[in-house]
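Comments concern the structure below.
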Protein chains: 4
Amino acid sequence: MSRKVTIIGAGSVGSTITYTMAVNGLASEIVMIDVNTERALGEAMDIRQGTPFCSPIQIYAGTYEDAKDSDVVVITSGMPRKAGQSRIDLAQTNVDVIREIAPEIVKHAPDAIYILVSNPVDVLTYTFCKVSGLPENRIIGSGTILDTARLRSRLAEYLSISQKSIHAYVMGEHGDSSFVPWSTARVGSVEILDDKGGFNFTGRIKAKLNPEEIEQYIRTSGGKIIERKGATFYAIAISVCHIVDCLFGSSNRVMTVSSMLHGEYGIDDVCLSIPFIFGPQGICGNVLPAMTEQELEKLQHSADVLKGVIKQVNI
Amino acid sequence: MSRKVTIIGAGSVGSTITYTMAVNGLASEIVMIDVNTERALGEAMDIRQGTPFCSPIQIYAGTYEDAKDSDVVVITSGMPRKAGQSRIDLAQTNVDVIREIAPEIVKHAPDAIYILVSNPVDVLTYTFCKVSGLPENRIIGSGTILDTARLRSRLAEYLSISQKSIHAYVMGEHGDSSFVPWSTARVGSVEILDDKGGFNFTGRIKAKLNPEEIEQYIRTSGGKIIERKGATFYAIAISVCHIVDCLFGSSNRVMTVSSMLHGEYGIDDVCLSIPFIFGPQGICGNVLPAMTEQELEKLQHSADVLKGVIKQVNI
Amino acid sequence: MSRKVTIIGAGSVGSTITYTMAVNGLASEIVMIDVNTERALGEAMDIRQGTPFCSPIQIYAGTYEDAKDSDVVVITSGMPRKAGQSRIDLAQTNVDVIREIAPEIVKHAPDAIYILVSNPVDVLTYTFCKVSGLPENRIIGSGTILDTARLRSRLAEYLSISQKSIHAYVMGEHGDSSFVPWSTARVGSVEILDDKGGFNFTGRIKAKLNPEEIEQYIRTSGGKIIERKGATFYAIAISVCHIVDCLFGSSNRVMTVSSMLHGEYGIDDVCLSIPFIFGPQGICGNVLPAMTEQELEKLQHSADVLKGVIKQVNI
Amino acid sequence: MSRKVTIIGAGSVGSTITYTMAVNGLASEIVMIDVNTERALGEAMDIRQGTPFCSPIQIYAGTYEDAKDSDVVVITSGMPRKAGQSRIDLAQTNVDVIREIAPEIVKHAPDAIYILVSNPVDVLTYTFCKVSGLPENRIIGSGTILDTARLRSRLAEYLSISQKSIHAYVMGEHGDSSFVPWSTARVGSVEILDDKGGFNFTGRIKAKLNPEEIEQYIRTSGGKIIERKGATFYAIAISVCHIVDCLFGSSNRVMTVSSMLHGEYGIDDVCLSIPFIFGPQGICGNVLPAMTEQELEKLQHSADVLKGVIKQVNI
Ligand SMILES: NC(=O)c1ccc[n+]([C@@H]2O[C@H](COP(=O)([O-])OP(=O)(O)OC[C@H]3O[C@@H](n4cnc5c(N)ncnc54)[C@H](O)[C@@H]3O)[C@@H](O)[C@H]2O)c1
Ligand SMILES: NC(=O)c1ccc[n+]([C@@H]2O[C@H](COP(=O)([O-])OP(=O)(O)OC[C@H]3O[C@@H](n4cnc5c(N)ncnc54)[C@H](O)[C@@H]3O)[C@@H](O)[C@H]2O)c1
Ligand SMILES: NC(=O)c1ccc[n+]([C@@H]2O[C@H](COP(=O)([O-])OP(=O)(O)OC[C@H]3O[C@@H](n4cnc5c(N)ncnc54)[C@H](O)[C@@H]3O)[C@@H](O)[C@H]2O)c1
Ligand SMILES: NC(=O)c1ccc[n+]([C@@H]2O[C@H](COP(=O)([O-])OP(=O)(O)OC[C@H]3O[C@@H](n4cnc5c(N)ncnc54)[C@H](O)[C@@H]3O)[C@@H](O)[C@H]2O)c1
């Protein structure tokens, strides 16, 4: 009946996730854990003082003991990506953070579903699968859910149409080797790139979509936001809350998140994003669109890049 | 800033729509108009007395004068379909109701967007286009939005997956000649009927989808509910509120609603449902998937059926 | 994590409650149980078909077995009050329904919190306390929560101010002996009846509040709505959903609901409404305002009326 | 129908307000204006990329021209309070910012309701009243709405009861001279400080409330959060969104916000917080509780402090 979430890492991302859950009433209790306890106390206090205008919710800074009975644990601890720094560079430092955190939290919240957000998210999801001892279906990396959101909001601007009517994904690594399988992308039921006049919109600027430009926009937009404001946290927070919403719901959704692959598209023993089915039980399947030869190569390349990193770090 | 809606017809459907808007805070002011003024007063009073637990909203039974400055007008007046009665049989009676209402309401709410719900909805949408003097883009029939919702909720049960991840439509008449263009139906990015193993779901009953059975289910479920409880009003009310939500939003959505056709798929001068784009400005385009020969024939047949009715009634 | 509700009685009230929970996403699973299984099937189907536009939720007609693991059970089965009929007249018939239902449902949902809605609600709440074998704190009668909502929405109209800023209660029986302890009623922090100029509202009609008229309005408005539309179900459904929302929340609320008294204001062994504190654990306290001599007499009178009925029926 | 908000100042507070409106669907269009255009672009981009999971909303960085047709303008530009710095110290700098902004924004959004948030908020609200040329009722300072939220959340913790059931206010300056009129504070209908046993809560720690300690907590908690995390923005953002929600609603609410006084409690020509009534038309009245002699003196003192500042700055 209660919905308890533990957030590890009360930085910009973790705090914004907590705040979002207070605003939209997603959880009934949230524990914030951070090595910087002053920060966790300050963030929890700032959020809690706004709750008279929200649905009832308990929010407090706590310890691993307080994570007891959590339904969901979100891991956002670690170092954010610096301007110019590649996501992969951060790997070892943050793998070590995960290795440190995993036994502590799993001891107190053995039945929770875990969402990994810290970067490099695919590598850390893989790490958590290996070191936590939990079944893989209860471990979800936010993966390219953010990139997919960026793709949809960008296409929505181009097409002057709501993102809800745009069905397109970013797959692979949450990083430079991600890609869009355009052959599967649709607005309503019409292929976005080869619309043969199927899309008729009074007054729309008939600008030809430039797929490369859009992919480039998505890949660089994290970096661009960091340049402009120092960090990215709003879109990722909403995306993570969307995952939590699905876990708390009663049915399964299809979204690109990062999870262990077992032969899908011929790929094995790596975590990356393809359209997975998940819901209250965690990951429970996937929906694999037929892709072009070229798209399959890009996915394979992305898997190779990630395997390369995994080999270089000490898990 | 305010969001004013007028509901004409305070019967089961009109009242449930009003109630839904009170519960989810969609509107800030709702006027209910009905020839049965006692009924309108009673329904408004029952709903209004629950508003202490809702977002602030004003709800009252009124007259056409009270409709002034409405942003949206929803027309649900008329006779509901009786058990066994075909939707088409009701045509003339309800056409006459529309002809009577149209000048009254248009005089007081000339700038509103109009949503037609009464049956036969496609014929009445057509009638309202002809007699209201309003631009066609501000006239929307609920059309097959309800049938599409029924299709998606049925497929969701079969596939054990959320309706949000199912992209499929019912097109044509809201009535016996409606059909599903299965070739365009997808779960995630995978074709529903020809999934070539693309849909992998641990623990799902691998029941083969039977498209005919599902279409039959959709076409008969209105009648089935009427048999069981005497009327249908919940699903249609949510569907209409979804249309209103799109009109009040800031972007355009793709949904199957009924609107005047002008050569789409070679069809002209009839209102029926295809995936239209609509938003704050009303209907502003459409998204026309390529369909199979057979599907195109079904759409043409649906148009012919409706044209047959239109010819027989006095508009 | 999941939020499962069982609704016993799929009539107007039970179905509207189910519908409301679908619309506002309050529950993740709802079972509807009714002796009229066709009705339950029809209502569940009508609501379920609208869920593609709602948060994910499972809704189905079921049996007592399906109530397993329910967090909340709402009892709305029984006969509605007919026009002209006093609430007390219905007592014995509906007491018998409760006696029949109680062992069945308690067997399958022994840990749920129970909300009684059927009339005469105070007598049935008392009955359920006596026959269910459950701890009293997990049994809540909707009591005068509806009357309090009616009071606040009426005062809101008079004062042109939101009901959220009006703090006033109806206490006692949900029936003819209910009353408003006006000495405790406030708008903001100002006494409603003795405002000594504390309430200044540009443009407000300075109509003097007539407390007797307002109490009369509240006591008769159920009957008036029944006259006009045959039944009342919207305001009660919102009120019940508000109770459920509090049970699913993380903190305790003060509302007038019906629960067993143990000496409060000198009253014992009867269920009636005073401001109780309740939350996820059920009833956990009360907040008893100091009342005038006259108000205390009215409360005593209300208790006497209810005890009279309880004596006359066979529990 | 559309709900357009302009946010001036895309810092932590302004961006969190924008983000909150995206999450809860409060507005349909938001323009962010900041002298630091890169920051505004980055914040808007970060928020916008999360909107695929939200209600449709348009968010962009813009100029004063883009503010055209805004329904509400929120002013958060200016310097945040530094740790240790008194709110009053900031006065002149931020008065100058307001004097610079006012003619620009009023030219393009002459019909909007304005919410002042920057500090010292009472002085800036006063400044805006004097320099904008707009009617005072369309100018609202966030005032002690945040302090009231802090008070309620603190009392809620003490009493283990929802903030919604706690009716208490902080009045006067948003600053060191603010105070709580405890004689008017209630939980349900019972006086918080003099509860004569009226508050009975199974299992509650019967800790005696210490009013001085609580007031101290409220007055220092802004500073404490700034020490811990460098700034405060979550609780103020929710509070401001609550004001906007009231403006977009259809009825009037009572809240402590800052507005020009005209003889209330004998105070004149200063902006400070008492329980004002406001709604879609802006400020339209007030609800003035009878206070004790001591409380009235505190209010007078607060007014004197503010008048002192106003005299010292150049408006
Ligand atoms: N997956 C995505 O799409 C995505 C998007 C944005 C950010 N991120 C990642 O999220 C992470 C957090 O970003 P941020 O902006 O909140 O950073 P931040 O620096 O603001 O916060 C990180 C917090 O983690 C805490 N922390 C460090 N080690 C810890 C430990 N062992 N235990 C508990 N807490 C610890 C730090 O004290 C800090 O408060 C980064 O790794 C960032 O790259 C991921
Ligand atoms: N489009 C759909 O998918 C769909 C689904 C369900 C119902 N409907 C249709 O909606 C309509 C309403 O259904 P219902 O169940 O609410 O019926 P109902 O009988 O409960 O209500 C109809 C109301 O219209 C009123 N009315 C009749 N003539 C009027 C007039 N000239 N002016 C104002 N009010 C007038 C009646 O007094 C009555 O209160 C029916 O036509 C029904 O077939 C459509
Ligand atoms: N407390 C309040 O403020 C309030 C307000 C409105 C209605 N009510 C009460 O709620 C109750 C329901 O009202 P309604 O309008 O929904 O009535 P209704 O007649 O529409 O529905 C009652 C349902 O209960 C079912 N039922 C009867 N006996 C049953 C049994 N043994 N097991 C399971 N189901 C059984 C019936 O088949 C019917 O579907 C009435 O008692 C009414 O007085 C209370
Ligand atoms: N009233 C309250 O309860 C409350 C609570 C918290 C913060 N505040 C106040 O809100 C204000 C903003 O705080 P913050 O934390 O967002 O600060 P911040 O420094 O993060 O943001 C302030 C923004 O204003 C911009 N700005 C400065 N001058 C401007 C101008 N002339 N035009 C447009 N933009 C301009 C800056 O570029 C900056 O981006 C501060 O004054 C702070 O004291 C008030």
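From the backbone N, Cα and C atoms, a Cβ is placed for every residue, glycine too.
Heads up, TrEMBL stuff is auto-annotated, nobody curated it.
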* D:Gly9, D:Ala10, D:Gly11, D:Ser12, D:Val13, D:Gly14, D:Asp34, D:Arg39, D:Tyr64, D:Val117, D:Ser118, D:Asn119, D:Ser142 bind NAD(+) per TrEMBL; candidate in D:Asn24, D:Asn94 listed for that same site -> D:Asn94
* Asked: Cα of D:Gly11 (NAD(+) binding site) to Cα of D:His174 (active site, proton acceptor): how many Å, rounded?
  -> 20
* Structure fact -> Sorting the binding-site residues D:Val13, D:Ala149, D:Arg152 by sequence and keeping only those with a Cβ under 6 Å from ligand 4 gives D:Val13
* Whole-number Å distance between the CA of D:Tyr64 (NAD(+) binding site) and the CA of D:His174 (active site, proton acceptor)? -> 28
* Asked: Which of D:Val117, D:Asp147, D:Arg152, D:His167 (binding-site residues) reach within a Cβ distance of under 8 Å of chain C?
  -> D:His167
* So which one is it: of the binding-site residues D:Asp34, D:Asp147, which has the fewest other Cβ atoms within 10 Å? -> D:Asp34
* Asked: Near chain A by Cβ (under 8 Å): which of the recorded positions D:Val13, D:Tyr64, D:Val121, D:Ala149, D:His174, D:Thr232?
  -> D:Ala149, D:Thr232
* To do: Provide the number of Cβ atoms within 10 Å of the Cβ of D:His167 (beta-D-fructose 1,6-bisphosphate binding site), excluding the reference atom itself.
  => 21
* **Closest of D:Gly9, D:Asp34, D:Arg152, D:His167, D:His174 to D:Val121 (substrate binding site), Cα positions, recorded positions only** => D:His174
* **Proximal residue to D:His174 (active site, proton acceptor) among binding-site residues D:Val13, D:Asn119, D:Arg152, D:Thr232 (C-alpha distance)** => D:Asn119
* Determine, to the nearest whole angstrom, how far the Cα atom of D:Gly9 (NAD(+) binding site) is from the Cα atom of D:Thr232 (substrate binding site). => 15
* Asked: Least buried of the recorded positions D:Arg152, D:His174, going by other Cβ atoms within 10 Å?
  -> D:Arg152
